């Protein structure tokens, strides 16, 4: 078993511990505020309070966005550590470390240890990939189960490992409970394309995978919860999740997250920086060596994911991340050949220079962005921490030009690992607190009775550890304030000030949301 091997193998144990340290670094150090984190962590809290494993709610309203697996892990973590940012993010970090460990393990087993080490290093240094494992969202769970299901299939294909085949179907089921049918659809499409390339689609190889029995196992894991929530909500969850958050997300742009197909490629390059500057060479080199089973499979996984989400109506950075372990392998495979000097250095050096350009633009862009946003101006100088990547790129390029290739690669990657720690440990704690929820603690007395007018910032429930009644009319708000001497109203409805400008109210706080265009207004009845 992998667990037994990890405990007995010092190298695997070291890989896991270092990966967990990087994926979990300072997850306690900044509050939950970003929309997805706020809604997911609060839904888990409400399920825990309501003692239910079936019906997810946010602010006492049915939440149909996601299946329950990440809620279950957050509930367990809340039981262990209390309801706080660390607990909400804890298992995200664990699954991040397991993803990176699993990638190292299977790459070493199915290919070679040298490329496995480089792949591990690439993933650790990919700050925007590691960032996902610092968030209380379902993506870390999906990334783990989808990527590991694909590795397990490949292990079975190459070595006839029956345990890996069993885990393949188990992981498909758990992946479905993480984020839905995409966890079955994409691996299924990938395996179909792979077998077509191998000319084995209509051979005994397919039946050796026990697709019917395996499919039944997958459905036995995934279906019971979906049936239970369908019954408990009279079909409302089924309609909201499968129609709106799956079919509609693919067929049309949702929540403003759309754009041309190139956006998906841009997300991939950003997500795997700094080593994504070698991604074109990685693809080209993989195509030239597609006769090797692992290389072909990784190439197909990467292309299918990127193309699929390039044509999807909704485009988000996290969507392609389950294929990042395989993309990292393609880049690592190329870098290993560079280190061995088996391929020309010309384009490697040019791509390394491109990294210098990107690394110079990063702090400049961050400084300009912070300076434009009024509330971020106090922390604009923190953008200079991004010079860590700039310095790393210059020093790494110097070594590469001198053909000290290993040294150059290590310097580049290590500088981004350090940058990630500075982002999570210094920049985010200073940045994230500049939000209306954090500011509200200083203006709302602890014993206040609070309601919302029309809508509220999603981070209020999880940070106040309570739900808020939402009143949709001016008359209802006035009635509430008349009946409650210590009554407080919060709202981020854009016409709130206009609606109450003729009323006797005192505005306690008016503060723009972080990364959003709306403002939160907090007010109470004027005291005469």
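From the backbone N, Cα and C atoms, a Cβ is placed for every residue, glycine too.
Annotations in TrEMBL come from automatic prediction, not curation.
Note that the structure is a prediction, hence the values are computed from the model and not measured.
Under the heading domain 'Glycosyltransferase RgtA/B/C/D-like', TrEMBL lists 65-225.
The transmembrane segment annotation in TrEMBL covers 12-35 (among others).
Taking Cβ pairs closer than 8 Å, the transmembrane segment (86-108) reaches residues 2, 5-6, 12, 15-16, 19-20, 22-24, 27-28, 32, 37, 40-41, 44, 70, 73-74, 76-78, 80, 115-117, 119-120, 123-124, 130, 132-137, 140-141, 143-144, 147-148, 151, 154-155, 294, 325, 328-329, 332, 462 in its own chain, all 6 or more past its ends. Annotation source TrEMBL lists transmembrane segment at 86-108 (among others).
Remote same-chain partners of the transmembrane segment (114-134), defined as residues 6 or more beyond its termini with a Cβ less than 8 Å from a stretch Cβ, comprise 15, 18-19, 22-27, 89, 92-93, 95-97, 99-100, 103-105, 107-108, 140, 143, 270-276, 317-318, 321, 324-325, 328-329, 331-333, 335-336, 409-410, 412-414, 416-417, 419-420, 423-424. Feature annotation from TrEMBL assigns transmembrane segment to 114-134 (among others).
Residues annotated as transmembrane segment in TrEMBL: 166-197 (among others).
Taking Cβ pairs closer than 8 Å, the transmembrane segment (209-227) reaches residues 53-54, 67-68, 153, 156, 165-166, 168-170, 172-174, 176-177, 184, 238 in its own chain, all 6 or more past its ends. What TrEMBL records for 209-227 (among others) is transmembrane segment.
When Cβ-Cβ distances below 8 Å are used as the criterion, the transmembrane segment (260-281) is approached by residues 122, 125-129, 306, 309-312, 315-317, 319-321, 324, 327-328, 330-331, 334-335, 347-348, 351-352, 354-355, 358-359, 389, 392-393, 412-413, 415-416 of the same chain, each at least six residues removed from its ends. Among the features that TrEMBL reports, transmembrane segment is placed at 260-281 (among others).
The transmembrane segment annotation in TrEMBL covers 293-313 (among others).
The transmembrane segment annotation in TrEMBL covers 319-339 (among others). Using a Cβ-Cβ cut-off under 8 Å and counting only residues 6 or more beyond its ends in the same chain, the transmembrane segment (319-339) has close neighbours at 99-100, 102-103, 107, 111, 114-116, 118-119, 121-123, 126, 129, 132, 139, 142-143, 146-147, 150-151, 186, 264, 267-268, 271-272, 275-276, 278-279, 281-283, 285-286, 289, 294-295, 297-299, 301-302, 304-306, 309, 312, 345, 348, 405-406, 409.
For the transmembrane segment (351-370), the residues of the chain that approach it from at least six positions outside its boundaries are 273-274, 277-278, 280-281, 376-377, 379-387, 389-390, 392-394, 396-397, 400, 408, 412, judged by C-beta separation under 8 angstroms. Taken from TrEMBL, the feature transmembrane segment applies to 351-370 (among others).
If you look up TrEMBL, you'll see 382-400 (among others) marked as transmembrane segment.
Under 8 Å from some Cβ of the transmembrane segment (409-428) lie the Cβ atoms of residues 22, 25-27, 29-30, 118, 121-122, 124-127, 130-131, 134, 273-275, 335, 339, 352, 355, 379, 382, 385-386, 388-389, 391-393, 395-396, 399-400, all in the same chain and six or more residues away from its ends. The feature transmembrane segment is assigned by TrEMBL to 409-428 (among others).
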Stretch-averaged pLDDT - the domain 'Glycosyltransferase RgtA/B/C/D-like' (65-225): 97
